[in-house]
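According to TrEMBL:
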ACT_SITE  Arg328  active site
BINDING   Lys152, Glu236, His271  ATP binding site
BINDING   Asp572, Lys741, His771, His773  Mn(2+) binding site
BINDING   Arg644, Thr908  substrate binding site
DOMAIN    156-353  domain 'ATP-grasp'
DOMAIN    563-832  domain 'Pyruvate carboxyltransferase'
DOMAIN    1026-1095  domain 'Lipoyl-binding'
MOD_RES   Lys741  N6-carboxylysine
MOD_RES   Lys1061  N6-biotinyllysine
Amino acid sequence: MLRFAAIRGGLGLLSVRRACLFSRSSHSAPQNEYRPIKKVMVANRGEIAIRVFRACTELGIRTVAVYSEQDTGQMHRQKADEAYLIGKGLPPVAAYLHIPDIIKVAKDNGVDAIHPGYGFLSERADFAQACSEAGVRFVGPSPETVRKMGDKVEARSLAISAGVPVVPGTDSPISSMQEAHAFAQTYGFPIIFKAAYGGGGRGMRVVREYEELEENYQRAYSEALTAFGNGALFVEKFIEKPRHIEVQILGDKYGNVIHLYERDCSIQRRHQKVVEIAPAFQLDPHLRDRLHADAVNLAKQVGYENAGTVEFLVDKHGKHYFIEVNSRLQVEHTVTEEITDVDLVHAQLHVCEGRSLPDLGLKQDKIRVNGCAIQCRVTTEDPSRGFQPDTGRIEVFRSGEGMGIRLDSASAFQGAVISPHYDSLLVKVIASGKDLNTAASKMSRALAEFRVRGVKTNIPFLQNVLSNSQFLHSTVDTQFIDENPELFNLKPTQNRAQKLLHYLGHVMVNGPTTPIPVKAKPSSTDPVVPSVTLGDPPVGFRDVLLRDGPEGFAKAVRAHQGLLLMDTTFRDAHQSLLATRVRTHDLKKISPFVSHNFSNLFSLENWGGATFDVAMRFLSECPWKRLQELRALIPNVPFQMLLRGANAVGYTNYPDNAVFKFCEVAKENGMDIFRVFDSLNYLPNMVLGMEAAGAAGGVVEAAISYTGDVSDPMRQKYSLDYYLNLADELIKAGTHILSIKDMAGLLKPEASKLLIGALRDRFPDVPIHVHTHDTAGAGVAAMLACAEAGADVVDVAVDSMAGMTSQPSMGAIVACTRGTKHDTGIALEKVFDYSEYWEVTRGLYAPFDCTATMKSGNADVYENEIPGGQYTNLHFQAHSMGLGNKFKEVKKAYTEANKLLGDLIKVTPSSKIVGDLAQFMVQNNLTRAEVEERADELSFPQSVVEFLQGYIGIPHGGFPEPFRSKVELERGKTLHIKALALGDLNKAGQREVFFEMNGQLRSVLVKDTVAMKEMKFHPKAQKSIKGQVGAPMPGKVLEVKVKVGSKVEKGQPLCVLSAMKMETVVNSPMSGTVKAVHVEPDTSLEGDDLILEIEE
């Protein structure tokens, strides 16, 4: 490959002071012919407009943009110094073809020159002439040259006159389909239609047999008319499998013409270039010289001025044929700039000012090739669906950059809307290197860095091209894509983050979608509040606390005669039975009754844990306001809450100061007793919570989470000594009250006697408080055994909210202890009134009641050790997912998961970890042995991985080995997501949901399913209904070829769609009769919108 002989930039004269350039040589223009340009308009849009603006800015030239009504949000109008609307009321493409508006804007705003870019008016001689007549310079060839080169037939004649070989074709544009037929009879098929006044693949159709002739003639004519304002076509013999080689030329006003070497543009689809390479790879040197010479000779013959491209086809025998001259800048001009170090737009502007090529240092012997450059056109097209254009909003855009990479773009940014009105080009990626393989390597790396979400792109396809052996080591032709079907084996993008945001956004807009497994409806009966005595409520234990402080309170509890009760009805009971859905409203109604009739309760548990979670997620309530309002209504009974040690009321460790501040504010708002626990009994986490509660002035109740069975000599991991030693540490840490927290209801009567009796013997002066669940039905017996063994307080729930996975019955404990030394002092008849209120109230929450799917408790809890609240939730979830018949398997998997993790104490959040692993095993049909064996290759739930990383502490006995060592603990893909805001409803029935993800703003559009029921939308074609024909892509209907009642055959054209200036014929998928037509010309469609219905 040729090397650049001079120092890069040694040409450098493009950037020399403009005032000095016109006196360089004898070829220079006379001084009076140099007219500097001060203001340039670009009569175009998108990336080419921005490319020209940048060049103008570098040269100190002021810039003007024009834009259509549909392009008000496009980047090119923001990059210019001035921007003006054109084509008001016209269709999107027609606006940029409206010459009078463009000329008027130029004249009204002092524009010196108009750069046409590529496409649109860039090859229209009448536009170049209109500029000349208006006294505005056209940055390109003269109007006459544009006319000659734009007329493909005249260009052929000129090429023949210059001795350049041409492809057999018509001498002038054809005027009818009959002329095309006559040409085909003379030269045979295949033939190709080409637009006579434009390029870029528009108006180009290959015809291989007579039956295709009429349809392709009509499509080519229509596309050319839409894209270039003239539908004239000419016909050529179609050369099979040629290389498409084009030569970049540059001329001035004084007859100087040079070439800047060639580009290989053979990789095409639908006659549009996809990948371009400069210089052409493995091109015969003699052929290269002939191509260059023919291009320059042809340009000189017509007096070519400014930049242009001479295009050739090279057949498999090495013969080349002229096909056309593009009298404009090409999309792929970038690769030529990269290998020659010549800024083509700078050169265009200088030539337009009247400078000669030698003035600019652009002499043929000084132009050298330096390495190789590749351009990939990243488009919003779906290769898996025949490169159908995709439209929509770009939700995420991250580009590939770095050494050797250049990006030219306009609409490639987050939030950009890709419409069906214009070209599908998103960004041009240009990679440069010392040779083809180096450039390809850089390009592959850059494309891999791209992240585009919201619209489909051809990036996976481009990556396959760049890794193809033929592309890298041989030559390719225009059939390369068609003959390499493996290019369409596209690697699917994971798109995990955006899928997660869409899910979260959907939940925020439309609410949870988990189906409720029952059809139960809330009761229509309102609960009746029992009568309450007027006046202040009696003195209660809170008065003792306020008077004597936490230490005095603990002494009073220990000295109390009889058994004290904590009522969980206000929190844990309805958490276990009703998914924590009870509203503050229903709690407030019964609060005065509780205050007046249960003043001798030890405490009322009403806050913490899931209260925060559910109040904000489902009830739309403030948990702090709940605490304040209940405190005002119940001033005499202590309030108690759960504090998850260092986790506070959350599910992860919080900073120490946050836990301390939380406890302080909770105490100020009415909380009295803090039951502090840790799901693993991990002492450091517990001590932090104890210190925070104590510093806030609250009563510290350190809770030991219970699991196993101290009465079973075969189960010694959690032995009696384990609990006694742990209690020693908690007493030393300064707890006021010692608690046993039996979350799964595993305490049997015998175990209760052993454990509580041993604790009472060791700590005779410390109050002991016991919490359990009644899942197995033995809760009342266990609590009575605890009382006999020396417990001061046990937890209960009012009868109608007790039993099963809730706490033991308040009425049963009150009745069983009446008249004994453990008498609770609570009036049983008042318990009945209290229970009646909650029985009716519970009916209001029927859809969430555990009894909808679970009819009783189950003693298998002694085997699976599932905590009460979690037992209910798992049962409910299993039925919601249609796995109710597999709940036995879920419970068995829970047991196996617990063993895998080393037999944990199972309390939130450790119980959730075991549950996540259990569900993972059921969903993937894995046994315990299989999980252990494949631990190094399975993708475990994040909660399991974080547990094994020590996020929630160190379990008793250490982490399970070798299981822990085999699990991959660091995957390096953590997403930090924060919901920010919910937008208003738009015309499409969507709301924009805003997030912050990994520190960057993200947003997604989510359909509001409720609002859309009241809005009218075009119906969608249902793939499951035979005969419904949907739009294959977004676009506009150009023509409907059938009507209701028409008989159609399979494959017959039904209608024509236009998208991104390309036309697509929708064919019938079956034979039958048209039943209904849902579109008409000019109807705008989205993908899969219903076009018509056919019946057999």
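Backbone N, Cα and C define each Cβ position, glycine as well.
Within 8 Å of the centroid defined by the CB atoms of Asp572, Lys741, His771, His773, the record's Mn(2+) site, lie the Cβ atoms of Thr568, Asp742, Met743, Thr772, Asp795, Gln807, Gly868, excluding the listed residues themselves. The most densely surrounded of the binding-site residues His771, His773 is His773 (count of other Cβ atoms within 10 A of its Cβ). For the binding-site residues listed here (His271, Lys741), the lowest count of other CB atoms within 10 A around the CB belongs to His271.
Within the same chain, the residues at least 6 positions away from Lys152 (ATP binding site) whose Cβ sits under 8 Å from its Cβ are Lys194, Ala195, Ala196, Tyr197, Phe234, Glu324, listed in sequence order. Distances between the Cα of His271 (ATP binding site) and those of the binding-site residues Asp572, Lys741, His771 are shortest for Asp572. His771 (Mn(2+) binding site) sits 15 Å from Thr908 (substrate binding site), taking the C-alpha atoms as the reference points. Its Cβ placed at the centre, Thr908 (substrate binding site) has 19 other Cβ atoms within 10 Å. Mapped onto DSSP helix, strand and coil, the domain 'Lipoyl-binding' (1026-1095) counts 0 helix, 39 strand, 31 coil. Between the CA atoms of Arg644 (substrate binding site) and Asp572 (Mn(2+) binding site) there is a gap of 14 Å.
Asp572 (Mn(2+) binding site) is 77 Å away from the residue listed as 'active site' when you measure Cα to Cα. Here the binding-site residues are Glu236, Asp572; the one with the fewest Cβ atoms within 10 Å of its Cβ is Glu236. The 10 Å shell around the Cβ of Arg644 (substrate binding site) contains 27 further Cβ atoms across the protein chains shown. Counting in whole angstrom, Thr908 (substrate binding site) lies 76 from Glu236 (ATP binding site) by their C-alpha atoms.
Nearest neighbour of Glu236 (ATP binding site) by Cα distance, taken over the binding-site residues Asp572, Lys741, His773: Asp572. Residues Lys152, Glu236, His271 make up the record's ATP site, and a Cβ search at 8 Å around their centroid adds Gly169, Ile192, Phe193, Lys194, Ala195, Met204, Phe234, Ile323, Glu324 from the same chain.
Put simply, the two farthest-apart Cα atoms among Lys152, Glu236, His271, the recorded binders of ATP, are 16 Å from each other.
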